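Trainee: Grabbed the feature section from TrEMBL, which reads as follows:
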- Cys627: active site, glycyl thioester intermediate (ACT_SITE)
- 60-70: compositional bias 'Basic and acidic residues' (COMPBIAS)
- 99-111: compositional bias 'Low complexity' (COMPBIAS)
- 2-65: domain 'SAM' (DOMAIN)
- 414-449: domain 'HECT' (DOMAIN)
- 590-634: domain 'HECT' (DOMAIN)
- 60-79: region 'Disordered' (REGION)
- 87-111: region 'Disordered' (REGION)
Amino acid sequence: MAASCEMEKILQEIDLQALSPRFDEQKININNVLSLTDQELNRLGVTTIGDRVRLRETVRRRDSHDREEGNSDPAVDMIRHQRNLLFSRSDGRKRTGNSTAGSSKRSRTSSAKRGWTVSVICLSDKDTCKVPTSDEKEVLYKAGLGLKKIKFDLCDDVSDVMEKVSSDEKDENGEVIGFPQLKNCGGYEFLKCQSNNRGLTIIGSDWTVKSLKSCLGPQAKLFIRPIQVNLSTVPIENSASSTQTVVKEACKQCGVEVSIFELRKHCLFCVGNDNDEEIYDDSFTSYSASIIIEPVEEVVTPQVGVEQVLVPASEEVLVPVIDINAENQTASAPIAETSTTANTMMNTVLEAIDKCVNQHIENPVEILRLLQSVLVTGRNLEISDPSQVEEGPTNFIIVDRSNLLDTAFEEINDLSDLRLTLEVQFYNEVAVDYGGPRKEFFRLVMSQIKEKYFDNGLRELLADDYKVIGKLFSLSMLQNGNVPKFMDEETEGKVFSLEPATSLCIKNLRIGLDCLGMYTVGIKLPMIRYLFRPTATKLTVKSLINLLHPTFSEEGSNNRRCENMVYAAFMKYIRAAASGRRGIITLEHILQFTTGACEEPVLGFSIHPELNFVPIMNSFIPTANTCSNALKLPTPSQTVPLLPEQELFELYDYAFANTFYGMI
């Protein structure tokens, strides 16, 4: 009875006196209430978590007070102890005779160090400001950088953190724990990735583990960037992997078993062995290649694709004539290839491929840059200094805008050495090509080739044209033009394949591409084929503004005031064009008017585009120098005020819709 009265007082103390009848009905009192689960208390009416916590705390406080006062019944204590051992939760048992063991266990847990394992990515470039791509991560990993999981203690201070990230100790798997390259890099800094983008920001807090953990969050990565010098990305030997069993595979051409890691390099130079003797030699690096198929006038069912034969450069290349209509192909008497230009070009291509393989160059943009540096000859492709114009040999062509494909195909087919820099002039237009007209030509011709020869599938009746199309593809890629990104995945796979071509269009496209070695590069270095695939990137207002960097006069001058007026109007015009309020004018029209290209080239601009302000002469119509990538906007004067916005924007529309040279 006393226990029931005590329970009623406790319920009244926590404002739950309305539940007293239920507790009396279920015979719940101070002696057994602590053994009830949350579900049982919920059925009794104690529905909230806070009420259940206050109830238990009040009962425990009252119980401990009775024990201190000596008012507890020993028999009741014994019963409570036995009941708690059987039914109560773990926290109830810890209050009984087992409390010593429980407290000992807690003390051991609290004394143990708590750890924090975080993913750490060490960057190599001191100027990197973005999260590395998958290709870049692979390069970093091979150099002993990149991603590693490092375990810190929560009590580690700055010196402990720096010691662990630069540690050269190895774990039980033989992997280096930290990044020892950081010890001699002249200092480094910690960064974190910004939310919703790939940008990196410096961590401003101190480098204790607790601060880093609170700054990064539970799932974020910690980035380390050197400050003074770049870290080496030369691949290092992994001692853990070097002890593994070497996997070998037999070459299908010569039958020699080669390590799987060296197999691709072996296949690059292996020419087969009819006598079952090994002929592969690491020093055998000078080769030439030639296409062994000659086109015929009439083709019914083409069955043979482009093949290549690699032979020593000192030997004469023999090209057998193959009848592509015959089921059983037999080579007739071989004829000698008289021109050495193709052999020299292919030797250069193969040397570049060998360099990419040996130096582990896998970035397609870097591969293309290397090919451009060794293949393109003659005058420089772009002007590096507008005040100095360098001259040199070029391939001069003249084309008609109104009949571009026909005149372009005729001119390109007449070129004997495709490696020379292309110099383009349009009919009845006044412009000297130092890069701008050539980019304009590639942009226009690629657009028309896409529309006529690829948008509705391959045109078998126009199969002969695909040979010069392949030449134009190679020229455009190597000479800073548009990369043809309009081939579907199936067509691209058929073009860059060793399987015999089932279409004469594919076969001729391969022949055209290999006139500058691009088919061979696509087979031997398949990474470059990613450049042919469409991308979702689009020119935005921000990217265009960043590209067109303005050059202002001195602050506070009258010229600066006029330039600010024109620049503000031009910014408003750009935003109107981006939102579609200027008719057919888009951001791409503005960029191609300035540079001759509707998008930034894969290899970038040699001279960064700029926005210049010039005094008004006759009109506010903009002009441009596409060779130096300069857009010129006329500014008002004291006698000629700036036009109203609508009239000014109409003049801008007229200029940017017009791509003819010398007519603005």
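Start at 1 and count along the chain as shown; that gives each residue its number.
Cβ from N, Cα, C; glycine included.
Since we're looking at a predicted model, the values are computed, not measured.
Tell me about the setting of these features in this model.
Mentor: Here the domain 'SAM' (2-65) returns a mean pLDDT of 83 for the predicted model.
Same-chain neighbours of the domain 'HECT' (414-449): 341, 345, 375-383, 389, 392-402, 404-405, 408, 469, 471-472, 474-476, 479-482, 484, 515-516, 592, 595-598, 601, 606, 625-627, 629, 659-663, counting only residues six or more beyond its ends whose CB sits under 8 Å from a CB of the stretch.
Applying DSSP to the domain 'HECT' (590-634) sorts its residues as follows: 6 helix, 14 strand, 25 coil.
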Trainee: Over all shown protein chains, what is the count of other CB atoms within 10 A of the CB belonging to Cys627 (active site, glycyl thioester intermediate)?
Mentor: 22
Trainee: On the DSSP side of things, how many residues of the domain 'SAM' (2-65) fall into helix, strand and coil, could you say?
Mentor: 48 helix, 0 strand, 16 coil
